[in-house]
Amino acid sequence: MRKQVEIFTDGSCLGNPGPGGYGAILRYKQHERTFSAGYRLTTNNRMELMAAIVSLEALREHCIVTLSTDSQYVRQGITQWIHNWKKRGWKTAEKKPVKNVDLWQRLDAALSQHEIKWEWVKGHAGHPENERCDELARAAAMAPTLEDTGYQPEATAS
């Protein structure tokens, strides 16, 4: 019988782009583990993705996972966009490279190991675990120690 786990995630960015962080809670029965890290220059979407990735990659066996996020970007990316991106070789409908492809590919690989139920929660609406993840993410963003090597700044028109 597969273990049933709950994951709660949030990402934060002080400026977008700017210093950012993620926070996640992984819960199995009475056991809880938290994850957080801060990056010097990143985006809120990258931090939302990292929160889900890191917590899923921490699982050592196939699990039934309920993953809660307040990110529409993550939710829509997984439930609506990713299948077509993969079919098109990680290109958008406009034939442009998918933003944050490095993280979408990591998330896709992490998801393939588990049975996932996605839950969207409204951010900053009093959901206790989401609020804790937000606190972890903001604290990490305020004391960043890591480089987000996959972050690619937008090209600006000159």
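Using N, Cα and C of the backbone, Cβ positions are placed for all residues, glycine too.
Record check, Swiss-Prot: Mg(2+) 1 site residues include Glu48, Asp70, and the candidate from Asp10, Asp108 also listed there is Asp10. Around the Cβ of Asp134 (Mg(2+) 2 binding site), a 10 Å sphere holds 20 further Cβ atoms from the protein chains shown. Mapped onto three states, the DSSP output places Asp70 (Mg(2+) 1 binding site) in coil. Apart from Asp10, Glu48, Asp70, the Mg(2+) 1 site neighbourhood in this chain, defined by C-beta within 8 angstroms of the site C-beta centre, holds Thr9, Gly11, Met47, Ala51, Thr69, Ser71, Val74, Gly123, Asn130, Cys133, Asp134, Ala137. Annotated pair Asp70 (Mg(2+) 1 binding site) and Asp134 (Mg(2+) 2 binding site), C-alpha to C-alpha distance, rounded: 10 Å.
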